Amino acid sequence: MTDKATLRAQALTARAAGGDRDALDRHLIAALAPHAGVVLAGYWPMRDEADPRAAMAAHDGPVALPVVTGAARPLTFRLWQGGALERGPFGTSHPPESAPEVRPDVLIVPLAGFDDRGNRLGYGGGFYDRTLELLRKSGPVLAVGLAFEVQRLPAIPTEPTDQPLDLIVTEGGARTPLR
Ligand SMILES: Nc1nc2c(c(=O)[nH]1)N(C=O)[C@@H](CNc1ccc(C(=O)N[C@@H](CCC(=O)O)C(=O)O)cc1)CN2
Ligand SMILES: Nc1ncnc2c1ncn2[C@@H]1O[C@H](COP(=O)(O)OP(=O)(O)OP(=O)(O)O)[C@@H](O)[C@H]1O
């Protein structure tokens, strides 16, 4: 099987082609509609990432953004009510320290690539793996991967620390991973 680094490079190159953004918004909003009232973590898109902001704006409940707190540390999440963001490491943007920290119930997870089993590839920092591991220890959490169809890979090799996705949304619709 092709190694993760090679697959990541392939998926990131493919991602640049993007896909139907209106369809992506529609499917993500529909997938999140049953989760009104809970804390939703989105992300501030970078480079060619699929943009979750329409669905964050449509969410009927609190919305949070991730904060990088250190290299091998899980992400934290701060409530975001539309105010100004600060620049973080790796080109990220996050709410200021004055914003309350919250525990997300549903996370929109940015992806380099995904496969039909719900395995995911990010930028390789292990941030979402560490974060989902921690959150899953403290209660139920739904990890919704967001990507374009061009980011789908035949099979991603797994490591014991990988945290799978519960749902994958693309411009083609929502898929429940085959396990
Ligand atoms: N939009 C968005 N926000 C996010 C993430 C993400 O993937 N996307 N993260 C997901 O974990 C966390 C931030 N972690 C990140 C880790 C590495 C890179 C990254 O681009 N690394 C490049 C070097 C970037 C640079 O030097 O500018 C690399 O490793 O090649 C970005 C974000 C939290 N926020
Ligand atoms: N819970 C954890 N504890 C210790 N190390 C971890 C944990 N989760 C992931 N790692 C390590 O982080 C490294 C990066 O993982 P991986 O390649 O899966 O990143 P990724 O999923 O692409 O990145 P990200 O989660 O930031 O999007 C791996 O070497 C892995 O061993």
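Note: Cβ is positioned from N, Cα and C throughout, glycine not excepted.
What TrEMBL says about a protein is an automatic prediction, not a curated fact.
According to TrEMBL, the feature ATP binding site maps to K4, A5, T6, L7, R8, R120, L121, G122, Y123, G124, G125, G126, F127, Y128. In this structure, G125 (ATP binding site) belongs to neither helix nor strand by DSSP; it is coil. The Cβ of G125 (ATP binding site) lies under 8 Å from the Cβ of A71, F90, each on the same chain and at least six residues away in sequence.
The feature substrate binding site is assigned by TrEMBL to E49. Counting only residues at least six positions away in the same chain, the Cβ atoms of R15, Y43, P110, L111 sit under 8 Å from the Cβ of E49 (substrate binding site).
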Completion exercise
What remains of the binding-site residues K4, L121, Y123, G125, F127 after requiring a CB under 6 angstroms from ligand 1 is Y123, G125, F127
Practice task
Please list residues from the chain of R8 (ATP binding site) whose Cβ is under 8 angstroms from its Cβ, counting only those at least six apart in sequence.
Solution key: A112, G113, L121, Y123, G124
